[in-house]
Amino acid sequence: FVLLGLSGYPELEAIYFVLVLCMYLVILLGNGVIIIVSVYDTHLHTPMYFFLSNLSFLDICYISSSIPLFLSSFLTSKKTISFSGYGVQMFLSFAMGATECVLLSMMAFDRYVAICNPLQYPIIMSKASYVSMAAGSWIGGGSNSVLQTSLAMRLPFCGDNVITHFTCEILAVLKLACANISINIISMVVANMIFLVGPVLFIFVTYVFILSTILRIPSAEGRRKAFSTCSAHLIVVIIFYGTILFMYAKPKAKDSSGADKEQVTDKIISLFYGVVTPMLNPLIYSLRNKDVKAAVKSILCQKCLSEGM
């Protein structure tokens, strides 16, 4: 497959290379720090930080499946990906995307129990429970990815196999198939209902109960503290699902000039969804979280003391 990316706009390639490279390094650093502090600081051995470390690991896997190839395309005239490379990239994209949708809903349930039923929180969100919830998210996302990737890999492709995206975006790839793709479309619709619409509705209902509970708290300080425990997760959910909905639900342009502008816009939105969202996740959680800041300082102090000794 030939990935065009921004080859039609050479003046933008240098800017995007530096920009995406910096964001990729920030993603690795930020999410890596979240994972390290969640593992090494015993104060963070809680369901919320366990889910958060899973989310950070997921973002690293997702971004590493496409960004290195994307960056290398700026440094060489070869802008192709092999059929096997396309399969691996598609598998990781489907697996990480579906897993993140379910994982965000599990994090919403964690916040619901913590705020709406705090006395039962240690029982409901026991270690066996939250580990099983995270494992179920990964298994569900992986199973869906195996199905979607196997259906896509069996399709015959003919013609130039040119994709006007940075990565093997599934809808762009299906357009190149010279066979009936009705099964692929049906499976994707069913998967979207399960892994996209289902978690969105679950999160919405969960936050209705959370907000109603917060509003019943008599003191303003109590309401502020309760809302601060779920505000970071709510921001991540809005950014994640908002980008997806805007990317796939916006109307299509009918004229050719509008279609060309739309393609550029789609590429930028796809880049935002693929790079900016994983970069913002650790920033949102760390900047708004005193526990993470304290854990980072503690680990750095221990490192300095060990080096001093």
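Glycine residues also receive a Cβ, built from the backbone N, Cα and C atoms like all the rest.
Caution: TrEMBL annotation is automatic and unverified by curators.
The domain 'G-protein coupled receptors family 1 profile' annotation in TrEMBL covers 30-285. Per TrEMBL, the feature transmembrane segment maps to 14-37, 49-71, 91-109, 130-147, 193-215, 227-248, 268-287.
Away from its own ends, the transmembrane segment (49-71) comes close to residues 3, 5, 17, 20-21, 24, 27-28, 30-32, 34-35, 38-39, 81, 85, 88-89, 92-93, 96-97, 99-100, 103-104, 106-107, 110, 130-131, 133-134, 137-138, 166-167, 274-275, 277-278, 281-282, 285, 291 of its chain (Cβ-Cβ under 8 Å, at least six residues beyond either end).
For the domain 'G-protein coupled receptors family 1 profile' (30-285), the model's average pLDDT works out to 83.
Residues of the same chain lying 6 or more positions beyond the ends of the transmembrane segment (130-147) and with a Cβ under 8 Å from any Cβ of it are 47, 50-51, 54, 90-103, 106, 109-110, 187, 191, 194-195.
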